[in-house]
Each structure stands twice: as structure tokens, then as C-alpha cells.
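Engineer: I grabbed these lines from TrEMBL:
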BINDING   Arg26, Glu84, Lys123, Lys450  (6S)-5-formyl-5,6,7,8-tetrahydrofolate binding site
BINDING   229-234, 248-254, 273-276  GTP binding site
BINDING   Asn229, Thr248, Ile250, Thr253  K(+) binding site
BINDING   Ser233, Thr254  Mg(2+) binding site
DOMAIN    219-376  domain 'TrmE-type G'
Amino acid sequence: MSFAYSPVTIAAIATAPGRGGVGVIRVSGQNLLPFAQAISGGKIPKPRYATYSDFYAADGSAIDNGLLLYFPGPNSFTGEDVIELQGHGGPVVMKMLLARCVELGARLAEPGEFTKRAFLNDKLDLAQAESVADLIDASSETAAKSALKSLKGAFSHEIHVLVDELINLRMLVEATLDFPEEDIDFLEAANARGKLAGLQAQVAKVLGTARQGALLREGMHVVLVGPPNVGKSSLMNALAGDDIAIVTDIAGTTRDTVREEIVIDGVPLHIIDTAGLRDTDDVVEKIGIERTWAAVEKADLALVLIDHREGLTAEMQTLIAQLPTRLPRLFVYNKIDLTSEAAGLSMEDGHASVRLSAKSGEGVDLLRQQLLAQVGWHGAEEGLFLARERHLEALREGLQRLVEAELVYEQSELMAEALRLAQDALSRITGEFTPDDLLGVIFSRFCIGK
Ligand code: GDP
Ligand code: ZN
């Protein structure tokens, strides 16, 4: 691993900003016992036990008091010596304590730097390290549980099983390279073809599960199209059901992309409201509209909301015509409680269309099922782990290489090379073959103190 770091001591406030009962400062470095003594007035903390202490400034006055935890390396999260100071969770106290740590030789930690050190010291592999951030960012209980599974190594284990079998197959194929005249018979006798087919099936299966896991993490981007008062907010609340609707309207809603997020069956739905897509001369608002269009470009689905009594208005047809043609549409006729129509599902120009009442809730379940079907969500099943687009790419490439290996089965040298590339692709997931710049990108997206 070429991605080295200087073993300088790092420190950060690990708890969320703001006021809380307890605030935690985390410190990682080498030989931190003198550090612990300096801040606790000479105490020698027992490893992995809580030591109650005052925390002292350089002039001997107390800054705070609380618990000091000392985890000598390598049995710590980062693999180095780790100290945690659990003080009072006020921003001023935390800032003073952090400043004291810097005075004692620490520098401020970068985002994700503790986890990065854990990875570099082989305490976690890359997929596990990523799941630390995913657990913190999880937007549903299902996502959180799946992230924890990945963190505990469930996903990495699947990859290791695949890589081990791949290595076995590679050994078989490479053994034939020295005896080219007999290679095919040898491979046939060892059932290399069956092993290759089995590997392809296994990678495809893991890819299927990873796709579901990625859905849980990334969710689905939905463009909401509908005139004022058609029932957009009512529908979002009805869809969210028992889940609390997490409304994240970005500041200056009329000027920026309007987004709301709700969760259906564990899958986050990111709603882009086209209410912000009106004509305007306001320069700032124009920028916001451009951003909204950029978000629309990347969306997975357009949800067109129509008042059943009015049908599709000319204004809405104009807006729909502006949407990217590749974007699937789902039509929703709302307010059926004000008509004699019953809830139901039908097809309209090749697009699904749902009749419902956001107010009475009739037909809302039908829409939920349609939305989940659109993204291919099978429901939270056993063994689901959280995955990222990066993992899907690696699995897709691994599968592709295995298919290539089959195509060149009669040419051992080419087959050996294809298998080697398949292994490289799969190993990228756990980080055995991951370029430094990618590591930088992955860890820079963590929060500070993690
Ligand atoms: P938005 O402007 O598109 O977000 O629309 P709202 O959700 O704020 O709804 C506008 C009005 O329509 C409110 O008074 C809602 O109570 C009402 N409304 C929404 N959905 C229904 C429905 O299915 N049936 C009836 N009767 N009223 C509805
Ligand atoms: Zn709204």
C-alpha cells in the first residue's frame, strides 16, 4: 500500500455541532500516554476503562471535567493510540478542549481521517470503511441496518469468497501454461468450465443484491410535475405514511432546486419539484431554474400529478414535453374522492397511470408499489448489504471479465489474463487494488471526527 501518512497526532470534535449533554473529542496518534497525562493532570489512565478527570489547560486551570478513555494501539479503532475526552457538549467548551489538544501537538483531523487510518492500518477494509459513512448518512432504518451489516463485513465476506474461488480457478489455468499441448484436457478434467460458470452465477447474484443495496443508499430521483393545489404536498405526506416526511427544502426555495425527501419501504425518494421551473427574468432565480433542470436530467422518473376533475391541462403538457424523452413517466390522477371514480391502475400511452385520493389515502398503496417497481426494489430481504455505485461498477467489470474468460477458454494464456483482471476488479471493492486518488475522494466525503 503506497498510500502512506505521517503519523502525526490528529484531533477532532466527534460529536455533532451544537449543544448536547456530552461532547466527545477524539485523538489518534502514536504514544499518546504523555498526552493523556498532560490533559488529565498526571493521571495514568487504565486502557479501555473510563477515567473520571478534570481536563487542564497549559496554565493548570481546569477547562472541563468528564471521562477520559485511552485505547492503546493496535487495539483501537484507528490501530494507533486513541484518546477520547468526553466532556460537556457545549460548543465553547469543545472548542477550548480541541485547542488544548492542538497545543499538545495534535493537528485538526480532516474529514474521514480516523477511518482512513483504520483502513491503512488494516482495521477495516475499504467496503467496511465506506459503510461507516453510510451508516451515519443512512436515511431509513433498513439502510442503517444494511450499512451495519456491511460494516461488520458481510459484503466483504461475499467478495472474499468470490476472490478465493477465482484464485483457485486461476491456479488451475496457470498450471496449464507450461504444458500447452495438454491444457484443454487438463482443464476439462478439473471441470474448469463448470467452475467458471459457477463463478459467473455467483458474481451475478452478488451484483443483484448489491443493486438493491445501492438503491437503499442512493434512492430514486423523482421529478414531481403538477400545478399549484393539485395535491403535491398532500400526496408526499400520504406516500411517506408512518415515516416522518423529511423535508429538506433548500434555502430560498423559489430560487433554488426544490427538493423534498421521503422514504418508502426503506428506499429514499428524492423529490424535485417543478414548481420552481417557471419563466422568470430574475437572474438569481434563473440560476436556480438551471440547477433544477440539471437535476431533472439525472432523474429516474417523472411523477405527473393531475386533478382528476380537470385532466391534463395545456400548461402541463408543455412542461411534460420539455422533460427528457428517456425519462419514464408515471401519471397520477388525484382527488378521485371528489368524483365517482374508484382507485385503480391502468396504462396510458405506454405509461402506468394511477387513480387515487391523497386525502382519503385510497389508491396510495398502488402508487407506492408502482414507484418501487419502477426502480426494481424487491423489498428488504435477508442478507441485504448497503452498496455504492463504485461497487456495482467493480462487480459489473468482474462479471464482464468472466464472460471474456469463457470466450477465450481454448487459449489458456488469454483466459488467465481475463481471470486476473476479474480478480483485480473484485478486489477494488475491498481496497486491495485501489488507486490513492480514489481513496482521497472516498474519505473526503466523510464527516469530520469520523
Ligand atoms: P399542492 O399545492 O400541489 O402541494 O397541493 P396541496 O397538497 O397543498 O393540496 C391543495 C388542496 O387540495 C388542499 O386543500 C388539500 O387538502 C386538497 N387535496 C389534496 N389532495 C386531495 C384529494 O385527494 N382529495 C380532496 N378532496 N382534496 C385534496
Ligand atoms: Zn411541497
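Each residue, glycine too, has its Cβ placed from N, Cα and C.
I'd like to know what surrounds each of these features in this structure.
Structural biologist: Sequence-distant neighbours of Lys123 ((6S)-5-formyl-5,6,7,8-tetrahydrofolate binding site) (same chain, six or more apart, CB under 8 Å from its CB) are Pro74, Phe77, Thr78, Gly79, listed in sequence order.
For Lys232 (GTP binding site), the Cβ neighbour count at a 10 Å cut-off comes to 23, with all displayed protein chains included.
If you draw a 10 Å sphere around the CB of Asn229 (GTP binding site), it holds 10 other CB atoms from the protein chains shown. Secondary structure at Asn229 (GTP binding site), as computed by DSSP, is coil.
All protein chains considered, the CB of Ser233 (Mg(2+) binding site) has 15 other CB atoms within 10 Å.
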Engineer: Round to the nearest Å and give the CA-to-CA distance linking Lys450 ((6S)-5-formyl-5,6,7,8-tetrahydrofolate binding site) with Lys232 (GTP binding site).
Structural biologist: 38
Engineer: Which of these binding-site residues (Arg26, Glu84, Lys123, Asn229, Ser233, Lys450) have a C-beta closer than 6 Å to some atom of ligand 2?
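Structural biologist: If the test is a Cβ under 6 Å from any atom of ligand 2, the answer is Ser233.
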Engineer: If I take the alpha carbons of Ser233 (Mg(2+) binding site) and Arg26 ((6S)-5-formyl-5,6,7,8-tetrahydrofolate binding site), what is the distance between them in whole Å?
Structural biologist: 42
Engineer: For the (6S)-5-formyl-5,6,7,8-tetrahydrofolate site as recorded (Arg26, Glu84, Lys123, Lys450), determine the largest distance between any two Cα atoms, in Å, rounded to the nearest integer.
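Structural biologist: Across Arg26, Glu84, Lys123, Lys450, the widest Cα separation comes out at 18 Å.
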Engineer: From the Cα of Lys232 (GTP binding site) across to the Cα of Arg26 ((6S)-5-formyl-5,6,7,8-tetrahydrofolate binding site), what is the distance in angstrom?
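Structural biologist: Rounded to the nearest whole number, the Cα-Cα distance is 45 Å.
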Engineer: Restricting to the domain 'TrmE-type G' (219-376), what is the model's mean pLDDT?
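Structural biologist: Here the mean pLDDT over the domain 'TrmE-type G' (219-376) amounts to 81.
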Engineer: For the C-alpha pair, I'd like the distance in angstrom between Glu84 ((6S)-5-formyl-5,6,7,8-tetrahydrofolate binding site) and Lys232 (GTP binding site), rounded off.
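Structural biologist: If we compare the Cα positions of Glu84 ((6S)-5-formyl-5,6,7,8-tetrahydrofolate binding site) and Lys232 (GTP binding site), the gap is 47 Å.
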Engineer: Where ligand 1 binds, which of the binding-site residues Arg26, Glu84, Lys123, Lys232, Lys450 are close by, with Cβ under 6 Å?
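Structural biologist: The binding-site residues passing the 6 Å Cβ test are Lys232.
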